[in-house]
Each structure stands twice: as structure tokens, then as C-alpha cells.
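> Here you go, one structure.
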Amino acid sequence: MRKILKLKIGRDELVFETGFMAKQANGSVLATYGGSSVLATVCCSSNVREDLDFVPLSVEYNEKYYAAGKIPGGFIKREGKPKDKEILVSRLIDRPMRPLFDKRFGREIQVIPTTLATDQLNPPDIVGMNAAFTAVFLSDIPFNGPIAAVRMVYLNGKFIVNPSFEEIHDSDLDIVVAGSLNGITMVEGGANEVGEDILLSAIDGAHEYIKQICNAQKEFLDIVGKKEKLPLAFEEKIFEFKDELRDFVYADLKEACFVKGKLNRDKAITLLRNKSYEYFSSLEKLTDSNESLFHKAFDDFEKEIVRSSILNDNIRTDGRTPNEIRDIISEVDILSRTHGSALFTRGETQALAVTTLGTSIDEQIMDDIDGDKRLNFMLHYNFPPFSVGETGRLMTGRREIGHGHLAQRALESMVPGKNDFPYTIRVVSEVLESNGSSSMATVCAGSMSLMSAGVPVKGQVAGIAMGLISEGDKYVVLSDILGEEDHLGDMDFKVAGTKNGITGFQMDIKIENVTKDLMRDALEQARIGRIHILSIMNTVISNSRVGISKYAPKIVQLQIDIDKISLVIGSTGKTVKAITDEFEVKVQIEQNGKIILFGDDDFKMQKAKERIESIVREPKVGEIYEGTVKKINSFGAFIELTPAKEGFLSTRLKPRDSKYGSGRFGNSNRYSRFGGGGENIRGNAGLVRPPKLEEGQRIKVKIIDIDKFGKIDLEIVRDKDY
């Protein structure tokens, strides 16, 4: 039976419906906000595995073109592989949900939110998140919900919940917040140099709406009726010889956990693991059934040692204090042929960023259901296996897309608009080493690379990854976390920004008791760390270079009247093609009359600009052109001044010193219609014979008259008068 629940969030109602679509799934919910609707389903496999130490969850958010009344572009007229946007939304759904599933369930879980309709006003991603969370909460799969999500923006001094696309575009802060009744579990977004207090207020305000949606889900569960939960596949087991393992390895492990250097530390811990494994195997205390329990017990000891040292002694595995940042080395211009490059090294994390400048032809065209877009700024993040000393395939996965998107958001508010810098900008980050915070190293390297390339950015941007170790009311915030601290800690949040404020933010919280005071302390510690990193980066490069690389395409811009665009294009594009071929330039003509020329030769580009200016310029008496003889008749020749203008050159004999008084030609003909370019006729020194003209010949002419109908009369100009 169809069940419906409605609640007001922001300017529209959020509507949940179930019991009439996808009824064979373990759970299904159709969520609607405004005119945007998403159907979310959740299913689990019937196969049970007891050897899993993780939650086998997959989220496949997908958008259908029919939702916006569109047919896919290109040759293939159906939806294909997931777009970056769909992957990013899938990650937004996955991250707050994954910790709430029980590992002991032992079955593969798949959540599929499908966008069925969009009104081009309300973004469907938030609708999809709440549809997915509610579908799982209503299902028979064990889940520690409810959770919910909202988007908050800061616009004109006010916070707006679940804003429109236009409000998002115009805002100074745009974040997606997910959480439960007890607290926040995930935050992600970008900003235009906002302060920490604004971010905190946005998160705090978002939680109030999240609690409303969570309570609505509980009410909806009462309406629909609770399903009997599926049984857990296995009970959590403990290695039966855990105490003996502790006695055997704990003291040595405490030393191994604090060996300097990631590779050395990993090697020392692995040696102890192998030694312990061999010892217990020799005692015949290890079997196939408890081998995984042995490794879990060993990992628990390592986690206990590291967390205890941080909480009680303020000492981290690499010897740093909680707020200490690793040594930083920065370089720029290390690649000679690229348009801009920078190498940023922080401890054992290293990122090489390379900036390339292109033309408007290089813009990325986004064919999305919320409207076609053209991106002129892109950041691509690569994480090759050698960065962590491993082998593997070179491929772009969801992690790479997510990290690249975070770094791009951190930098894009500092990148100038197309009107100020009409280049397409692509930044590629190659992570060469990784031991935590590679996405924030990408932000730092990317910022310096943009400056190296001469992109007039508004300010230098740095990023830092923060962590948290807590126990009860006691907590320690960590600056510039290592990979193991991310894994063993209670919170991972990344903050990027300038000296003036935050530009990018991502936070994942594994515990529920994160207070506002704790978050304020963490953000302040992150701000201090960010300023420290910026000070080091600024010693290498603090402002954008004046001018761009000699290897980058050159740009010349000019503005013409809109009604003259057709003159520049010409019949069937003939005129603009001639300019392109003759001067070896690319010509971009915009609807507002702005013309952008791209090329490699400054001289040819200037000549192309002059040609366009001559095409659109209104002719005036006295101006000189180099024209082409197009047609000759018994009275004279028609001279093409520009592809859109012709003048007439009379070939009749004229007195060399004739004056035209008040006649049609006025007093502008100083010598003759031929400007002295003809020859005297024998026996008639006062008359001049016109020079011989041929069609296609290039000659210099001067405008001597323009009548009221726009007809242009010309005379030949001698070289010395030109």
C-alpha cells in the first residue's frame, strides 16, 4: 500500500513515498522536493560471507536524461558509464552511511538512487541522499539510522537551506551536511574565503533541519510498519589467545610504532607481525578459522598504542606534537616546456602540479540534466601505485575523482573569470609520494602552479588535513595527519583556504559526540596551520607571474557591434575562415560581439585584429585602404576594401589639377582620380591616362567621397602618400 509523509524544509515540501514502486527491493523510497524526484532502492545479496572485515557496500547514483526532458547527445542515445557528477554524489551518500552498517551482516549491499525528474530549480543530489537514507532505514537490513542531509549556502548575509541552482551559484558558501539526531557525520563544500564562524554557523543550522528529517523518518517508519531485520551472519569473535599475543609482542610493538619514517615503521611492524604469526603457528594455535582474528588482534594493539600515546603523552608515531606540521619544501618552474609547474613536498607526501593554458575550444562540455555547461577550469588528480611503493593499474577511480573535485573547489574561487582571463585552465596533480593529505598537497602545489603559469589568481591557497583522537570527554586535535592517523582516528577533515578565509572543506566523523566547541578548536588549529603553510609557500612564489609562458597560446581581444558579427563571419563563414588561414589564428566570436583571437605569433595576431577592425569599421573620407580589384568595366573598377565594402575607382581621363568645387567629389582630389599614378597623354600634358588594372590586383586607394546612399568613390594613392 502506498504510504506518504510530507514535511516542510526551506521553501518546499520534502515528500517521502513508499509501497508502490520497486516493491521487490529490500527497501525503496521515492523522495520529491519541488519538482525534483529520486527513487532510491536498497538490496542485499543472499550469499553470506563470514570472512569479511569491512562493509561490502556500493552506491550507484544515476541521473536519467528523461528527467529533464532531454535525449543524450552524441551517437549513443542512452545513458552510459557514470559521469563524474554521479560518482561524486554516490560518494556523498556512501560516506555518512557506511559506518552505520554492521560488519557482521556479511552480505553485499547495493543502494541505487535514480533521478526520475528534475525541475531545473532544485538540485536532485540532496533529494537522492535523503531518499537513499530513508530507503535503508525502512528496509530489513540492519542499520543504525536514521540519518539525513541538507545543503546550506550563505548568500547576502543569510543562510538558505536547500537552495536553488541560482542561489548556489551566487553564494559565498555552499556545503552539504549529513548527520543523525545526535550529531554531524559528514560535511563537504566550497566557499569564497569565508570565516570559520560562518562555516560553524552553517553546520549548526544544518543540523537543526537534519534532526527534523530524521524525526520524520522515524514517524514514517511507524506509518509503514517496522520490518523484521535480517539476521547477522556471524557474531563478533575475539582471538582466543589474545592475551598471550599481547604478552609476546606488545612491548616490541610499542617501539616499532614509533620508528621514524613510514617505510621503516611499516617494515618494523610487519616483521613483528610475521614473527608473532610464526610463533603461534609453531604452537599450533593458528588455524584457517582464526587467522583473521589473529590479524585483527594485532591491529587492535597497534591502534591502542598509537591512540594512547597521542591522548596521554601528546606524541605521534613520527615524533611530532599534535599541532606540529611536517617539514615543507616547495619549488616552481621545475618543468621547462610546460606553461606552469610546482612541486610541493610535506614530509612523505609529495605532489607535482602542472598547469596548461588552452583556448575556448579546450573547454569541457558538460551535458547534464541540470543544463549544459562549459568548464574553463579543471583539476585532475592522479594517484599512481608507486606513490605508496606498490604495483597496480593506472586508472582513475572514484577516490581520484573525489580528491580532484575537492582540490578544484578549493582553488576555483580564486581563479579569474573568463572576461578577465579568457583561457581554459587545466591543472594536473601527480601524487609522487603519499603518507596522508595528498589532496591538500594537491591544493598547495596547484596554487603555486597557477601562479607560475601567470594565471592572475586572487590569492595563494593552502590546504591541511586534520584529525582527532578522543576518549570520553578527552580529545586531541591533530594537524597534518599521516595516513595511519587517518585510519586509526575518529575524524578526518580537510580545510583549504587563503590568509583571508576558507575556500574548500571536507569532513568525515566516525563518532557522535563531536561538540561545537571541539569543531571550533579544530578549525582554529587548522587556520593556524594553514597560515604557517602559506608563509612557506609565499617564500617561493607569492604573486602570479606577469605574463604567460612563451609556449602558451597568445590571446588578443576586441569588441564589435553585435549587428556586425555577420560581417566578420561572412557568407557561409568565408570571411572568418580566410582570416584563420591567412594569419594562422583561431577566432572565437561570442554572441555579445566579443571576439577572441588565439595564436602563437604576436605579429600575425595583430594583423588579424587589424583585418577584423577594418571589416567592421565605418568608412570615412580620407581613409586609405589596400583593396582588391574585383571587377572592371568601361567606366572604372570596383575595388573591394573589405569583404563587406566596395568602392568605385573611375578610369575616365581627368585633368591633373582639376578642382571639383561644389561638385560630387568636393575638393578632396588633389592630383586626379589616379593621384598622379597615371601617365600624361602625348600632346595633352594636362590629362592623365589611368594605370592598367587587372582583376585580383592589390592597390592602395583613398576614399574621396561617400554619398548619402553610402556609395564610395576612390582614388589611387601613390606609395609616397601612403
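Backbone N, Cα and C atoms are what each Cβ position is placed from, and that goes for glycine too.
Below, the features straight out of Swiss-Prot:
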| type | residues | note |
| --- | --- | --- |
| BINDING | Asp486, Asp492 | Mg(2+) binding site |
| DOMAIN | 553-612 | domain 'KH' |
| DOMAIN | 622-717 | domain 'S1 motif' |
> Including all protein chains shown, what's the count of other C-beta atoms within 10 A of the C-beta of Asp486 (Mg(2+) binding site)?
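I get 17 for this one.
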> What is the total of other Cβ atoms whose distance to the Cβ of Asp492 (Mg(2+) binding site) is within 10 Å?
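By my count, 21.
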> On the 0 to 100 pLDDT scale, where does the domain 'S1 motif' (622-717) sit on average?
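That region's mean pLDDT is 69.
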